[in-house]
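S.K.: Quick one: the structure is below, and I'll ask about it shortly.
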Amino acid sequence: MEWCCALSGLLPEEIQKVCAFAERFRGVQVFRWIAAGCTDFHAMSDLSSETRARLARACVISDTRVYTTLRDVDGTLKLGIELKDKRRVEAVLLVDQVSRKTACLSCQVGCPMACAFCQTGQLGFARNLSASEIVEQFLHLERCVGTLDNVVFMGMGEPMLNLDAVCRAIEILSHPQGRDLSEKRITISTSGHCRGIYSLADRALQVRLAVSLTTANAPLRARLMPRAAHDSLAKLKSAIRYFNEKSGKRVTLELALMRGVNTSERHAQEVIDFAHGLNVHVNLIPWNPVASIHFETPREVEVAHFEALLMRARIPVTRRYQRGNGIGGACGQLGKTAGV
């Protein structure tokens with residue numbers, strides 16, 4: 001057996017093959033240990049000592065490491081994770097009011113989308129993450145806090161530009177012989193990559209979709225989200241409708257609200273018009289401050305008025321409360337400790 005890639009990115013039958021086990025059930029055993037957070041072959045007590053030693057010589061379970069851990073007073077946890085090539089990403093644990101624990105995972109080192117209001121978008125893009133590097137973020141978080149309830153791909157990067165690896169990671173995390181996380185508890189967030197939305201819909205996964213709309217004003221969206229705006233709002237609406245119809249699931253529209261930028265009555269009406277005919281729910285996200293970006297968090301009255309306008313139009317809407325601000329772990333802040 002020759003040295004192989006990190007086993008955290010493999011399915012049971014692939015572990016069986018690369019490890020050249022004689023017994024067919026050994027791949028499942030190793031897969032279960034990895035899903036349970038094991039990082040040492042010698043701790044896999046249902047394997048023979050000879051097999052454990054052979055695995056330790058030829059394979060690695062994980063090739064990432066946590067280099068920093070930050071905790072906020074609101075319960076948010078941010079991990080800085082170093083990859084094999086010394087590049088770095090961040091993963092975040094979010095805890096809501098009823099103590100549900102959600103892993104916010106990254107899918108790229110940096111991000112090519114260059115959204116004007118996002119810290120990660122200012123870093124530029126280095127490379128995609130592998131499935132193992134995505135899975136390991138989840139495993140690192142579970143080692144810190146125990147069982148996680150949900151996963152959101154809302155960390156660093158555009159998931160639709162690394163969809164194969166993202167879906168591969170989902171397959172591993174949801175595998176019934178491993179972690180067995182329900183696909184229904186997983187959300188993929190995109191800046192509005194239409195081709196990716198169609199592709200995700202056609203894969204027939206049970207995951208949820210969130211779209212970072214930010215504004216339904218085309219010129220403003222082109223300024224705030226220059227790469228995402230390459231697909232017109234009309235094309236984006238068609239892609240969302242396709243996902244609605246193909247999956248039968250409601251789509252979340254995310255609006256990062258910035259003071260005096262996208263919070264007027266006209267902007268609200270444009271969102272209402274965009275949402276018409278779609279099965280969507282709107283999330284309002286007051287912009288989280290980033291030192292190098294010169295926007296401002298909206299006043300409470302701006303957010304409340306915007307929310308009221310959507311409610312009056314019978315658009316389902318929720319205001320997301322800020323979490324992780326104290327450690328740079330909130331929406332739009334990731335990358336401060338990572339670099340590219």
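Here the Cβ of each residue, glycine as well, is placed from N, Cα and C on the backbone.
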S.K.: Among Ser174, Ser182, Ser189, Ser232, which residue does Swiss-Prot annotate as binding S-adenosyl-L-methionine at the site that also has Gly157, Glu158, Ser212, Leu213, Thr214, Asn288?
M.R.: Ser189
S.K.: Beyond the listed site residues Cys111, Cys115, Cys118, identify every same-chain residue whose Cβ lies within 8 Å of the center of their Cβ atoms for the [4Fe-4S] cluster site.
M.R.: Met113, Ala114, Phe117, Gln119, Thr120, Gly121, Gln122, Ser191, Met225, Gly332
S.K.: May I ask for the distance between Cys104 (disulfide bond) and Cys331 (active site, S-methylcysteine intermediate), taken between their Cα atoms and rounded to an integer number of Å?
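M.R.: For Cys104 (disulfide bond) versus Cys331 (active site, S-methylcysteine intermediate), the Cα atoms are 10 Å apart.
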